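Per TrEMBL, the feature transmembrane segment maps to 7-25, 45-65, 85-105, 111-132, 144-161.
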Amino acid sequence: MVDLQEYLWMVILGFVIAFILAFSVGANDVANSFGTAVGSGVVTLRQACILASIFETLGSMLLGAKVGETIRKGIIDVNLYNETVPVLMAGEVSAMVGSAIWQLIASFLKLPISGTHCIVGSTIGFSMVAIGTKGVQWMQLVKIGMSMTMLPSVLCMWFTINDYITQPAAGQD
């Protein structure tokens, strides 16, 4: 059994990196959610910050546990790391560092990115480097990929149909 006391520094570093990652995810999400509304003058920057603070916090409190569980256990097979817990710890911290740095750079450069894609990709990357392709739960990854592509497609069709149905009524008095 590994004495995890000697890895306390990595846990503390992980908390610091997680805070930076949360900042970068929040900054990117707020820019995506409220950029158009602020740019068009519908809401002020102050109103957008207040709304974002409320709803980003609510979203993470209400939905964050399920997302965290999927990221933690659904992408890689953590049971394969039972004998090498420090490798898993270092890999996850490295994934968070890579994701946070990329999101901060991309946000600074005003590039449209997805925080979910960043952390999923970096988690897959560290697992493939650490133990090869056997560590990735490929079928779960297919489900995640399907949800990332199917939901926008279904919503696009729904709103197109809705717009088509309601469009003639909008022009009538």
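Each Cβ is built from the backbone N, Cα and C atoms, and glycine gets one as well.
Keep in mind that this is a model prediction, so the values were computed, not measured.
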Using a Cβ-Cβ cut-off of under 8 Å, list the residues of the same chain that are 6+ residues beyond the ends of the transmembrane segment (144-161) and lie near it.
-> 70, 74-75, 116-117, 120
Tertiary contacts of the transmembrane segment (7-25) (same chain, 6+ residues out, Cβ under 8 Å) | 86, 89-90, 92-93, 96-97, 99-100, 103-104, 107, 115, 119
